[in-house]
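Trainee: Taken from Swiss-Prot, the feature active site, O-(5'-phospho-DNA)-tyrosine intermediate covers Y118. Residues or ranges marked as domain 'Topo IIA-type catalytic' in Swiss-Prot (evidence: sequence analysis): 30-496. Sequence annotations record features per position, and here Swiss-Prot assigns site 'Interaction with DNA' to K38, H74, H76, R87, K93 based on sequence analysis. Per Swiss-Prot, site 'Transition state stabilizer' is recorded for R117.
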Amino acid sequence: MSNIQNMSLEDIMGERFGRYSKYIIQERALPDIRDGLKPVQRRILYSMNKDGNTFEKGYRKSAKSVGNIMGNFHPHGDASIYDAMVRMSQDWKNREILVEMHGNNGSMDGDPPAAMRYTEARLSEIAGYLLQDIEKNTVSFAWNFDDTEKEPTVLPAAFPNLLVNGSSGISAGYATDIPPHNLSEVIDAVVYMIDHPKASLEKLMEFLPGPDFPTGGIIQGADEIKKAYETGKGRVVVRSRTEIEELKGGKQQIIVTEIPYEVNKAVLVKKIDDVRVNNKVPGIVEVRDESDRTGLRIAIELKKEADSQTILNYLLKYTDLQVNYNFNMVAIDHFTPRQVGLQKILSSYISHRKDIIIERSKFDKAKAEKRLHIVEGLIRVLSILDEIIALIRSSDNKADAKENLKVSYDFSEEQAEAIVTLQLYRLTNTDIVTLQNEENDLRDLITTLSAIIGDEATMYNVMKRELREVKKKFANPRLSELQAESQIIEIDTASLIAEEETFVSVTRGGYLKRTSPRSFNASSLEEVGKRDDDELIFVKQAKTTEHLLLFTTLGNVIYRPIHELTDLRWKDIGEHLSQTISNFATEEEILYADIVTSFDQGLYVAVTQNGFIKRFDRKELSPWRTYKSKSTKYVKLKDDKDRVVTLSPVIMEDLLLVTKNGYALRFSSQEVPIQGLKSAGVKGINLKNDDSLASAFAVTSNSFFVLTQRGSLKRMAVDDIPQTSRANRGLLVLRELKTKPHRVFLAGGVQSDASAEQFDLFTDIPEEETNQQMLEVISKTGQTYEIALETLSLSERTSNGSFISDTISDQEVLVARTR
């Protein structure tokens, strides 16, 4: 019981998780800066080498290797070991593969490898150079997980594997992404740094200008590469290698022969084909994966008139034909994860190789000295051969003979052992010469090794020679092309859109769609698909290259390119704005819709219930970044109850504002200033406390009408409302009643020509040709009335007009609109 300690759970959890984090950082996901290997990779290579599963021998079942690795060094499950082994065999993920594998080891399409019982593996030839001299006490060893066997903590690494094959992994609080590089270039940089320990980054980059991905491609951004080599972090653009191929009949196709590193080819082909299926860019006929054993090839066949460069730019921008590669060069350096630059990686590798060469030389020197000692004894024996033979013959046994040799002739234990085990044929004159030559060779070797151990310059010459030997044997050309500047992809979106005629429809409730002329002409206007409680407010023929602007009662504007509208039948309801616009409110309604060809010029005027008015420029409505998911403001409302009453393009005429209490004010539209989208505007009319604006319209005719909520209608002359200035109260156009007073429901201009453009949100709906402007009124009981406005007689300003029916006063007006 004395060993039991009381500790808080908080302290225990923190301390234990700290241990766990340290373990997975050092022992799982991050590579060592010296050999560039994670522990599982190192264990795989060491175990296969220890078992003799090397490149000069036959392949061995992967399952056997995995079992040995798991049983002796890595008790974390066979899947993780096999996955790591397979990855080291994939030539599209490693610049130099470390494991050779027979059988299905996966593919660039993301296909899984065959089970380990079906595949065979062995170390590659270059992997042997990572393990070279490991038997010569060159690296430290540690006990394995069950203290039954020792394993190396690092490999000798005769080439800089961390840079050559790169690394990627995620640990607790750390992640690493080190790109692969060309073996020749890396070795050239190491050799230069050996000769120039304080070499500048710029000079090193003359030898190692950038990554070299096994999948090739084009790497753009020299400044970012330099930043990454300096700080350990950076980002470059990796672009596919493409070419435009001419076909018969004037057609073209885009051929992709190299894709960015770590991009799944099958997913890439699917994404490109999705662009074709969804017609995001017109002109693509077919997408084919024509890859075979000779290499990668993706063919994107185009229509005859398609703009191949524009389509290619679109695919580069919106698919993984072009990606960003983010450098995050983190490695374990002296048991600590560090973000390292190129100079640190190279200097750490050189320091590691220095230790390896010195320890190897010490081992070889000790071995040579031991052998020299034996050879010296054997040569001495040959000079007194008869005496030695006589002594051995007179001895009782081997041990007695050894003791007699040591006592009588002062031989050492090792020399005595060699003498008594000497075979008789070795006593020929030929063997004497051989021993003398061996003695000379051993003395020369010891001198050389002593120089390596004692003289740093000699040691570095050995290091450079060995690196150059690796380069000579395994060098291959660079696969990735380097370009200094990242090219900005510019897409002429207009050229991507096929120009087609279509009909656009919008309802007050926010449903919109586009319909082909064929579907539109096959139906009548009344057959439009809509909800029973909704109202069609806009139908217009347009082109798919044009733009739709929707202005709402809450002061928001929604932008939609017409080609992005859902193409539906005329009888379909359409897509509701709430499906895409996240800030579209439940009570929000569409007030006005407009189709524009460009945003170069044009003004709009907006009038709110609170009597404020503003003009704003169409240029400010050019597409914003988040237009697909959010609307933007075109006017700021004064309070939550305020609403926009009227919005329309500005014409150079007077404006006439009519309030619910019957006040009318007329002033020039030029009095209204042009303001930004976020402003609330200026006061258009001076309202009483209990009043609000009912209607606003441009004066384009000699008369206008006023409809009250009780169904009373009158027509009066515009001149009865003289032009004045904005922000005044205006004149009454209704006579005040003590009981059941009239309130303005709708007011607007009376046109002599029904096709004339009117400052009213309903005029865009196409109707059958008529010479009369009609007012449609629907009562709260559902009764519909139609009145030809031009047939109304002019009334006095102070009159309340006439009821449109005998019963309308009791029913009251629900909806009113002109057409």
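Cβ from N, Cα, C; glycine included.
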Trainee: Looking only at H74, H76, R87, which of these recorded sites has the biggest number of Cβ atoms within 10 Å around its Cβ?
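Mentor: Going through H74, H76, R87 one by one, the largest Cβ count within 10 Å is at H74.
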Trainee: Quick check for the class: what is the C-alpha distance, in angstrom and rounded, between R117 (site 'Transition state stabilizer') and R87 (site 'Interaction with DNA')?
Mentor: 17
Trainee: Going by Cα-Cα distance, pick out whichever of the recorded positions K38, H76, K93, Y118 is nearest to R87 (site 'Interaction with DNA').
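Mentor: Comparing Cα positions, the candidate nearest R87 (site 'Interaction with DNA') turns out to be K93.
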Trainee: Check the domain 'Topo IIA-type catalytic' (30-496) for me and report the mean pLDDT.
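Mentor: It averages 93.
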Trainee: Out of K38, K93, Y118, point to the one nearest H74 (site 'Interaction with DNA') in space (Cα versus Cα); all of them are recorded positions in the record.
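Mentor: Given the candidates K38, K93, Y118, the nearest one is K38.
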Trainee: Return the count of C-beta atoms lying within 10 angstroms of the C-beta of K93 (site 'Interaction with DNA'), excluding that atom itself.
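Mentor: Taking all protein chains shown, K93 (site 'Interaction with DNA') has 21 Cβ neighbours within 10 Å.
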Trainee: Of K38, H76, Y118, which is closest to K93 (site 'Interaction with DNA') if I measure between C-alpha atoms? They're all recorded positions.
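Mentor: Smallest Cα separation from K93 (site 'Interaction with DNA') among K38, H76, Y118: K38.
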Trainee: To the nearest Å, how far is the Cα of Y118 (active site, O-(5'-phospho-DNA)-tyrosine intermediate) from the Cα of K38 (site 'Interaction with DNA')?
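Mentor: Here the two Cα atoms are 26 Å apart.
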Trainee: Which Cβ among the recorded sites (K38, R117) has the fewest C-beta neighbours inside 10 Å?
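Mentor: Candidates: the recorded sites K38, R117. Fewest Cβ atoms within 10 Å: R117.
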Trainee: Counting across all protein chains shown, how many other Cβ atoms sit within 10 Å of the Cβ of Y118 (active site, O-(5'-phospho-DNA)-tyrosine intermediate)?
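Mentor: Taking all protein chains shown, Y118 (active site, O-(5'-phospho-DNA)-tyrosine intermediate) has 13 Cβ neighbours within 10 Å.
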Trainee: Rounded to an integer, what is the Cα-Cα distance in Å between K38 (site 'Interaction with DNA') and H76 (site 'Interaction with DNA')?
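Mentor: Roughly 14 Å, rounded to the nearest whole number.
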Trainee: Please state whether DSSP places R87 (site 'Interaction with DNA') in a helix, a strand or coil.
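Mentor: DSSP assigns R87 (site 'Interaction with DNA') to helix.
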Trainee: Which secondary structure state does DSSP assign to K93 (site 'Interaction with DNA'), in the simple three-class scheme?
Mentor: coil
